[in-house]
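Worksheet for the structure shown next.
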Amino acid sequence: MVLSVKQTLSAKIGFSNPLLRRSPSHSLPRSPVSLSFPSTELSKRTVLAVSKPLHLSPLRAKSLVRCEAYEAEKSEPQPIDDAAAAETKSEAAKKLKIGIYFATWWSLNVVFNIYNKKVLNAYPYPWLTSTLSLAAGSLMMLISWAVGIVETPKTDFDFWKTLLPVAVAHTIGHVAATVSMSKVAVSFTHIIKSGEPAFSVLVSRFLLGETFPTSVYLSLIPIIGGCALSALTELNFNMIGFMGAMISNLAFVFRNIFSKKGMKGKAVSGMNYYACLSMLSLLILTPFAIAVEGPQMWIDGWQKALSDIGPQFVGWLVAQSVFYHLYNQVSYMSLDQISPLTFSVGNTMKRISVIVSSIIIFRTPVQPVNALGAAIAILGTFLYSQAKL
């Protein structure tokens, strides 16, 4: 119903609201005001004062808003984001895969170093053992390509031309490290090889003109200091072994530089890339191994090793050659999945596992000062990897 008044209208509604009374300082808006009240009988006691028409309409049922509460276990299910769930699952699978790569890489490297040192102790011909390591890996990959286990890489002349300087540096670094381990303890070789970041920074700075943050240069102090402390306190120090590790560091730095510059845009997987690198390195190394050591020395040494060790020496040699290829292959495969920084941290942890395991297995005597130097050098390597972030 509609009640219209000119000045004042008295109506009994059942409640009194002072906000609806006319105020001398505020005027009501000129537009009509519509208020809805429940359709109950109006009371005759309350006075409502307005200056404009007031429209009263009955409350309709459909204007009510219904609110309900649900118990926790009866709550309505929320829609699941399938894309987010799939992404989370994929990320977890990737982390698991990287973890498996790292564990396999470290384990294979430890096994290789153990067998490599056993072979070199009984058969001190590092040029031949280095050649056999490359030959075993090349043969394994050729068989894998032939039977279809691994897809054959599509390469051309430019690929091999670009790979050549990488293979030269890889060959030098591989032989130098093997020569070092034939003269000194495995742990000492890896302590010196932990100084590779220092060579990387110096070569990049003075030959390539690259600049680095101050934190990178500061991280080199514990690396160089730790390596120097270990070298000075090494009980079985040998200059050939020390220089072999240093040359290996320098060669692998150039290998990484050549690889980064030359392999950009090359559609070759990490496994096949290392296979091609091994084959080319084998071709480079074989004539030098023959010239430096020669077949006569190899034959004489072979007979002596068999007489001293027995037939198990052959098993050591096969294991050394196979595990060398496998651990390098896994490391290159992991590079396809992780960043260079993560790889660098993993490489640091790998050296720790090799140093500790070799000391335990070969019962290498270690002085406290020597161990301190190793710890400082490895810590510096870790700080270097973080500073490069």
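Placement of Cβ uses the backbone N, Cα and C atoms for every residue, glycine included.
Summarising model confidence by region, the domain 'Sugar phosphate transporter' (96-385) averages a pLDDT of 90. Annotation source TrEMBL lists domain 'Sugar phosphate transporter' at 96-385.
Counting only same-chain residues 6+ beyond the ends of the transmembrane segment (98-115), those with a CB under 8 A from a CB of the stretch are 181, 186, 190, 316, 319-320, 323-324, 326-327, 330-331, 333-334, 337-338, 342, 346, 349-350, 353-354, 357-358, 361. Under the heading transmembrane segment, TrEMBL lists 98-115 (among others).
The transmembrane segment feature in TrEMBL is assigned to 127-150 (among others).
According to TrEMBL, the feature transmembrane segment maps to 215-233 (among others).
Marked as transmembrane segment by TrEMBL: 239-258 (among others).
Tertiary proximity for the transmembrane segment (270-289) is limited to same-chain residues at least six positions away from its ends with a CB under 8 Å from its CB atoms, namely 127-128, 130-131, 134-135, 137-138, 141, 150-153, 155, 159-160, 163-164, 166-168, 170-171, 174-175, 263, 325, 328-329, 332-336. According to TrEMBL, the feature transmembrane segment maps to 270-289 (among others).
Here TrEMBL flags 309-327 (among others) as transmembrane segment.
Sequence annotations record features per position, and here TrEMBL assigns transmembrane segment to 368-385 (among others).
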So if I exclude everything within five residues of the ends of the transmembrane segment (215-233), which remaining residues of that chain have a CB under 8 angstroms from its CBs? That is, six or more out.
188, 191-192, 194-195, 197-198, 201, 242, 367, 369-370, 372-381, 383-384, 386-388
